[in-house]
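J.: Quick paste from Swiss-Prot:
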type	residues	note
ACT_SITE	Tyr809	active site, O-(5'-phospho-DNA)-tyrosine intermediate
BINDING	Glu512, Asp631	Mg(2+) binding site
BINDING	Cys584, Cys587, Cys598, Cys601	Zn(2+) 2 binding site
DISULFID	Cys35-Cys650	disulfide bond
DOMAIN	65-245	domain 'Helicase ATP-binding'
DOMAIN	506-662	domain 'Toprim'
DOMAIN	677-1054	domain 'Topo IA-type catalytic'
REGION	352-427	region 'Latch region'
REGION	502-1054	region 'Topoisomerase I'
MOTIF	182-185	motif 'DEAD box'
ZN_FING	1-43	zinc finger
ZN_FING	581-609	zinc finger
Amino acid sequence: MIPVVYSNLCPVCGGDLESKEIEKHVCFRKKRSLCLFPEDFLLKEFVEFFRKCVGEPRAIQKMWAKRILRKESFAATAPTGVGKTSFGLAMSLFLALKGKRCYVIFPTSLLVIQAAETIRKYAEKAGVGTENLIGYYHGRIPKREKENFMQNLRNFKIVITTTQFLSKHYRELGHFDFIFVDDVDAILKASKNVDKLLHLLGFHYDLKTKSWVGEARGCLMVSTATAKKGKKAELFRQLLNFDIGSSRITVRNVEDVAVNDESISTLSSILEKLGTGGIIYARTGEEAEEIYESLKNKFRIGIVTATKKGDYEKFVEGEIDHLIGTAHYYGTLVRGLDLPERIRFAVFVGCPSFRVTIEDIDSLSPQMVKLLAYLYRNVDEIERLLPAVERHIDEVREILKKVMGKERPQAKDVVVREGEVIFPDLRTYIQGSGRTSRLFAGGLTKGASFLLEDDSELLSAFIERAKLYDIEFKSIDEVDFEKLSRELDESRDRYRRRQEFDLIKPALFIVESPTKARQISRFFGKPSVKVLDGAVVYEIPMQKYVLMVTASIGHVVDLITNRGFHGVLVNGRFVPVYASIKRCRDCGYQFTEDRESCPKCGSENVDNSRSRIEALRKLAHDAEFVIVGTDPDTEGEKIAWDLKNLLSGCGAVKRAEFHEVTRRAILEALESLRDVDENLVKAQVVRRIEDRWIGFVLSQKLWERFNNRNLSAGRAQTPVLGWIIDRFQESRERRKIAIVRDFDLVLEHDEEEFDLTIKLVEEREELRTPLPPYTTETMLSDANRILKFSVKQTMQIAQELFENGLITYHRTDSTRVSDVGQRIAKEYLGDDFVGREWGESGAHECIRPTRPLTRDDVQRLIQEGVLVVEGLRWEHFALYDLIFRRFMASQCRPFKVVVKKYSIEFDGKTAEEERIVRAEGRAYELYRAVWVKNELPTGTFRVKAEVKSVPKVLPFTQSEIIQMMKERGIGRPSTYATIVDRLFMRNYVVEKYGRMIPTKLGIDVFRFLVRRYAKFVSEDRTRDLESRMDAIERGELDYLKALEDLYAEIKSID
């Protein structure tokens, strides 16, 4: 491995953590494992106990055990069949034998009886007696046993009761060290039960302060919820550092079929071909009754309505084959069924949807009015009110009443008709069809869902919206019913056998930012949340993993300043020394020295990444498998490498690479895990060391010369500063121009009135290929030129768009368009699509939208709650719009232009002007890549002109300087913005009227550096260094040789 030292980051002794220790997973000073936690000794004992009682524990059960043994409360996120109940009972018995009190709560008496029998069997297998150890209570036990139970209640080490007993007798129960709740929904139905659980754990409610006080004596383990949690459940997060989450998992393996026919004959045909296990969803209760009456004589079928629920049990027992109900989001058949063996397929008779009519306008919620405003934003009156729509709700209502009968907004995923708008209800469809495909310990059962709809316009809109959820419908003609039925049965056979022992394993998934962590967790359901030492962790079950998603908050270490040669031990091996990053929360200063207060402002309000490293270690130790999903570049690779080293001994560490934050991309990345690429890491190590060495050495020279410790020098920023200075000097030279406004002409002339002769020399039509999609430098240039954003602002906005899943990764020099990108473009462009790959194939891709959604679509779908994003402002939508238009234009047919070339004669001079006078085509409409001007009249004219003295050349804009950096090979996509921002930050340049002007300080610093250290900061040397970095990335150059050359060069600076 790459030699490295992490200063004071050994988890065992607190001293340095070195390469050999990382490789061996051992602290050499203490001779102990790097990932040994206090609970591990008890864990070993518990695992042996569990083997005796139950059998070999699953990986996820070991993770739960570690949490409980260190007294952490949590919601157990896991699919059916993993063994939550058996674990809860075995852990209770284990802790009871250690003298701890445990309470196990079930929703029904039957489950209490079963649990009591099971735990006795466990005790028997473990060879321990249960007399006076276990007490259980339910409504069916004789009165004398009940009395005996109540008398000995506080003496039992394990108490097993129903939720109802908790409600009535919690004061007699006493305190507990471990509470296991088998069905948290039963607890949450009565909110006071939450208070009672907290009391049992050692908290109490202070009437004076009106708040909960105390500390948890024990820990709580609950299942995830299926119903609404209610406000009381928030107390779990406040007091026990976890949030329950939902067991509604959106991982699905469903074959979705759309049929433009909702006749009874079509429905009957599906039921006949697929056999038993169908759920039929009707729009309304009346329609459900009609379907039932039509089918009851032909099929063994039942119906579930608000008043008829008896057929549900018959279906469970197999006495009937199919159930009919209504497609309502909170309905019994949509949310209340969890029968993986029985339910094989679903049929929706009619698309789930909700309608808004003109008559509804006055009664609509402000949120719904706002949503309709975004849908009808093409109406000028509404567009004008959108920026402050909340303050004009009543006015918008009146406008909507006028336009809903006339206007037809362009939205493929919504049906707009005269006087009504129909929104497809995908949420209900996903929940209902999800009953056919359930996650269990052995994987995911397969299901099928048929969507029958007569209204072709509504069906088309439904299919369009489904794409936003990665649901692709096929037609019924494409379905092989025999094969489908066999696959449905085979997956249920696997469920019944449950042969795969440990198919679903816990995994820690680390990304850079909290936004990205939240976004990823939302793709797969409503996560349970755990707060561990300040780190927020989102827990979600998937087909192969129970993922714990959390953020590293960028780099966790940086080069130290006070050891070796500016943070590098030079002993022939060049070993970088890294320390945790400290950041002052008050002034923002970042440092690596081991100190409690900020060296700049003295504040003790300092964030130390050490706490995150420790939390990640604990999580990695729990999961025993780590996936690092940091950004797909050298910086992301370096973060992954550091985490792999710092989490040494806690489990295998793999890298997930994805270029967009979408559900599809995350799933693909998790299927294609790889090792950390050390060549990319070496390149980053060399780049950072080079930046440190040249920066520190030359900065110290500047400090001495200018007596200003705020100054800095860098190899890349210095030539860029030189270009800005040179261009500024050139801009001082002036020239006279005559502006003829009537003809939109600018001529090199100094007369205010003169004769002008214009001749048409040539006229031609051309087909122009659209510009390629954005790379980092072209995006930065256009955002500065068109939107007037600084490069720093653009990169920040692009980062947030990427993390929210709206665009692909924004640090790239590739124009390549992937197959996915081309599919997105084809879907949006239709017949205008031609498709271009642009760049060479490879890992990186251009900057593009992740869905075929315009800016207006994105804003509307955010309002509707279909897209869940955070903190977007008008700037985000403006940049997204630019990226979207440029990308879609790049995939269009060539556009046609008409070019006219003119000869212009005036006062004995001749000038030529070629101008585009017309442009047409979809590509031009999307992105105006050419400047269209009016045709010039031909003939001789007496004209008046405005004479101005202007610079021969103008100072650079940020847009132009970025393009120049790209052309001259200075900087990389990840550093363009940093280089420019640093020039502003050091006050070497300022911006006036959008142009970069060097300050006197900037000019003096540049001249000093060029005069004394030209060879170190020259453009050629900087470009050569960039090419060497690229060679290291490709594995063509030894990074130690590069460091050796750099070191010799730096040491020659006097």
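Each Cβ is built from the backbone N, Cα and C atoms, and glycine gets one as well.
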J.: Looking at the recorded positions Cys598, Cys601, Cys650, which sits with the largest number of other Cβ atoms within 10 Å of its Cβ?
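T.: Checking each of Cys598, Cys601, Cys650, the winner is Cys650.
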J.: Hey, how far is Cys584 (Zn(2+) 2 binding site) from Glu512 (Mg(2+) binding site), Cα to Cα, in Å?
T.: 19
J.: For the Zn(2+) 2 site (Cys584, Cys587, Cys598, Cys601), what does the 8 A shell look like? I mean other same-chain residues with CB within 8 A of the CB centroid.
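T.: Going along the sequence, the neighbours appear as Arg585, Asp586, Gly588, Tyr589, Pro599, Lys600, Gly602, Ser603, Asn605, Val606.
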J.: Just the number: how many Å between the Cα atoms of Cys35 (disulfide bond) and Asp631 (Mg(2+) binding site)?
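T.: Rounded to the nearest whole number, the Cα-Cα distance is 26 Å.
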J.: Cys35, Cys587: which of these recorded positions has the sparsest Cβ neighbourhood within 10 Å?
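T.: Result for the recorded positions Cys35, Cys587: minimum number of other Cβ atoms within 10 Å at Cys587.
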J.: Looking at the recorded positions Cys587, Cys601, Cys650, Tyr809, which ones sit with their CA no more than 10 Å from the CA of Asp631 (Mg(2+) binding site)?
T.: Tyr809
J.: Within 10 Å of Cys587 (Zn(2+) 2 binding site) by C-alpha distance: pick out those among the recorded positions Glu512, Cys650, Tyr809, and say none if nothing qualifies.
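T.: Checking each Cα against Cys587 (Zn(2+) 2 binding site), there are no hits.
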J.: Just to verify: the residue among Glu512, Asp631 with the fewest other Cβ atoms within 10 Å, which of the binding-site residues is it?
T.: Glu512
J.: Under 8 Å between C-beta atoms and at least six apart in sequence, can you list the same-chain neighbours of Tyr809 (active site, O-(5'-phospho-DNA)-tyrosine intermediate), or say none if there are none?
T.: Asp631, Pro632, Asp633, His659, Glu660, Phe802, His844, Glu845, Ile847
J.: Between the binding-site residues Glu512, Cys598, Cys601, which lies closest to Cys650 (disulfide bond), Cα to Cα?
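T.: Given the candidates Glu512, Cys598, Cys601, the nearest one is Glu512.
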J.: With every protein chain in view, how many other Cβ atoms are within 10 Å of the Cβ of Cys584 (Zn(2+) 2 binding site)?
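T.: For Cys584 (Zn(2+) 2 binding site), the 10 Å Cβ neighbour count is 20.
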J.: Cα-Cα separation of Cys598 (Zn(2+) 2 binding site) and Glu512 (Mg(2+) binding site), in Å?
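T.: Cys598 (Zn(2+) 2 binding site) to Glu512 (Mg(2+) binding site), Cα-Cα distance: 24 Å.
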J.: Reported as an integer number of Å, what is the Cα distance between Cys601 (Zn(2+) 2 binding site) and Glu512 (Mg(2+) binding site)?
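T.: That comes out at 27 Å between the alpha carbons.
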